[in-house]
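What follows is a set of notes on a single structure, which appears directly below.
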Amino acid sequence: MTEHHHDDSHYVAPTIEANYAPLRRVALLSAVVGTVAFLALGIANASMNAAHGGVRDLFLTYQSGFVFWSLVPIGAMTLMLIGYLCSTSWALVFRRVFQAAMRTWPLMFVLFLPVAASALFMGHDSSFWWAVPAGEFARDHANGDPVVTHEVAHRQGLYLNGLFFLLRAVIIFGVFGLLMRAMLKWAPAAEDEGNAANKSKLKGLGGPGVLVWALLFTVAMTDWVMSVEPAWSSSMFPVVAAMDCFLVTMAFSALVFYSLVGENQTALTIVKDKFRIDIGSLMYAFTMIWAYASFGQYMLIWAGNIPEEIGYYRKRLNGGWEFVAYALMAIHWLLPFVIFLFREVKTNPKSMKAMSIMLLAICATDVIWWIVPCVPHAEDTQFFHLLMAIAAIAMVGGIWGLAFLGQLRKANLLPKKDTAFLANWGHH
Amino acid sequence: MSAPTHTPETWGLLAEFDTADALIAATRRAREAGYTKMDGYSPYPIGEVADELGFPRSEIGAIMFTGGLVGATMGFLMLTWVSWVEYPLNIAGKPYFSWSMFIPITWELLVLTASVSGVVGLLALCGLPMPYHPLFNVPGFARATKDGFFLAIEAEDPRFSPTTTKDFLSGLADVKSVEEVPA
């Protein structure tokens with residue numbers, strides 16, 4: 001054994017040559033085309049439907065763009081915490097992607113400001129029903145399903161009001177920001193110099209950090225997504241959102257990583273088939289839990305059939321949105337379920353890139369489907385609102401993506417010392 | 001007990017090594033020499049030996065997938081038959097064919113049949129239960145569960161020859177012993 005022994009303490013990861021220009025072009029294109037399309041569609045909609053929430057639709061569709069992209073830094077933080085806690089290989093492979101995503105958290109707060117403005121200042125043009133003055137709300141929702149009585153609105157108002165909403169958001173951004181800061185501060189000495197004290201601090205942060213995430217992510221998804229639907233609540237929804245959060249983060253990381261090193265033999269020799277299979281299998285697991293939680297929520301609400309709950313699905317299974325629901329069943333679950341069974345897909349960077357693009361697209365569709373159908377639009381304008389939301393996703397993604405890539409290119413794609421685990425795996 | 005009237009047919013040859021590295025190197029040499037019907041035995045799993053033996057992809061995935069698919073289909077059909085044909089019940093005015101309520105049982109049966117197929121399929125693929133195996137005729141082979149590393153080349157191998165294969169195994173680096181395995 002001695003002659004083949006690999007000493008991890010002397011390992012230094014090779015420099016990974018990566019070309020960031022193609023990804024930058026995609027982000028720039030997405031930002032420009034997304035912004036132009038969002039503003040053009042939004043202004044057209046606002047002028048055509050001035051009396052029917054045209055301005056509100058701008059905020060509502062923007063909100064789906066914000067929520068979708070906020071899942072990446074939040075997911076990066078959480079998966080990194082789990083990675084430190086359980087010493088996982090995938091968190092080593094995607095280490096730099098996760099770290100770059102976490103560094104964009106301050107920008108995410110800036111991107112949150114329109115959502116805060118919608119809750120605080122927009123009155124009858126707010127995307128949140130609870131921020132709309134009571135009388136006007138009743139008028140706009142006359143053909144909506146859930147019956148929000150004056151009493152319900154009054155009671156929920158203790159929690160769902162602009163200032164408390166803002167305070168909760170500040171706490172969410174603040175606490176997540178502290179967790180990210182701690183990890184980013186301790187990581188360099190731990191992963192590039194093998195500093196044992198920092199390694200144990202990071203591992204110690206993992207457990208409590210995940211608990212804090214679980215509580216605050218529930219608050220975030222309740223506020224930013226669930227509260228747009230009048231009177232609706234589901235304790236399963238944060239689980240559905242969490243699976244999208246992890247899946248979006250893994251798919252985004254795989255897309256970025258394989259786009260940069262998909263043909264780089266130095267990197268691919270280190271990130272062996274075994275690790276690529278693990279990454280694909282983890283994404284497979286997230287699609288399964290998403291399907292399990294989404295279906296469980298649907299089945300219980302369908303069986304219960306009570307007015308406060310059923311409105312959520314009546315809006316989302318009518319007026320054209322039912323096709324989005326079918327697409328979710330087919331592309332968010334059935335297709336990945338069948339395709340990820342094949343190991344050859346998971347080891348091949350090109351097919352993993354294709355799978356990641358498909359999963360990102362369907363997760364974005366899922367987020368749009370959560371948020372945009374909450375107000376009863378006329379049936380023939382639903383497709384228009386879907387397009388607005390897609391433009392918002394492209395716009396926020398482009399702007400955020402440029403900041404993300406600016407952070408990602410600062411460091412070598414693989415950590416100097418920690419990569420020894422990947423490089424020497426299988427030898428003894 | 002009477003003495004055997006003929007020498008038993010050979011099942012194959014068994015070489016013993018002291019270290020995992022020696023077994024890995026030996027397996028690689030044997031593969032390079034063109035042997036295919038061979039197997040390695042060690043006290044703990046050694047990934048490299050499996051790689052060098054060139055194991056084909058296991059069929060267990062396909063077996064479990066088929067088992068699960070059959071179970072799920074049967075479960076769904078059973079519930080459809082019970083609630084629609086055999087014993088229709090009006091529950092809260094919902095249709096008899098309320099497919100979404102059938103999914104939990106369908107899912108449970110999928111898991112059950114897939115895992116049962118996995119257990120049964122694994123035993124079948126491994127040829128278990130197997131009360132007799134010629135290797136146990138070699139007294140030292142019991143060390144495969146403690147500190148012995150073994151490479152066996154079977155007589156079925158097209159390249160097998162009692163003399164040249166024995167010379168080949170004896171010539172491997174760090175080989176401790178080479179024994180003939182009676183059938």
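Glycine too: its Cβ is placed from the backbone N, Cα and C atoms.
What TrEMBL says about this protein:
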type	residues	note
TRANSMEM	A:26-46	transmembrane segment
TRANSMEM	A:66-93	transmembrane segment
TRANSMEM	A:105-123	transmembrane segment
TRANSMEM	A:163-184	transmembrane segment
TRANSMEM	A:205-225	transmembrane segment
TRANSMEM	A:237-261	transmembrane segment
TRANSMEM	A:282-303	transmembrane segment
TRANSMEM	A:323-342	transmembrane segment
TRANSMEM	A:354-372	transmembrane segment
TRANSMEM	A:384-406	transmembrane segment
**Asked** Counting Cβ pairs under 8 Å that are 6 or more apart in sequence, does the total for the transmembrane segment (A:237-261) and the transmembrane segment (A:105-123) reach three or more?
**Response** no
**Asked** Any chance the transmembrane segment (A:282-303) and the transmembrane segment (A:205-225) are in contact, meaning at least three CB pairs closer than 8 A with a sequence separation of 6+?
**Response** no
**Prompt:** Most CB pairs under 8 Å with the transmembrane segment (A:384-406): which of A:66-93, A:105-123, A:163-184, A:205-225, A:323-342?
**Reply:** A:66-93
**Asked** So are the transmembrane segment (A:205-225) and the transmembrane segment (A:26-46) touching or not, going by 3+ C-beta pairs under 8 A with a sequence gap of 6 or more?
**Response** no
**Message:** Before we move on, state whether the transmembrane segment (A:354-372) and the transmembrane segment (A:163-184) share at least 3 Cβ pairs under 8 Å, counting only pairs 6 or more apart in sequence.
**Reply:** no
**Message:** If we skip the immediate neighbours and take only residues 6+ beyond the ends of the transmembrane segment (A:163-184), which ones have a Cβ under 8 Å from one of its Cβ atoms?
**Reply:** 73-74, 77, 80-81, 84, 99, 102-103, 105-106, 108-109, 112, 116, 119-120, 128, 202, 205, 209, 212-213, 216, 219-220, 223, 227
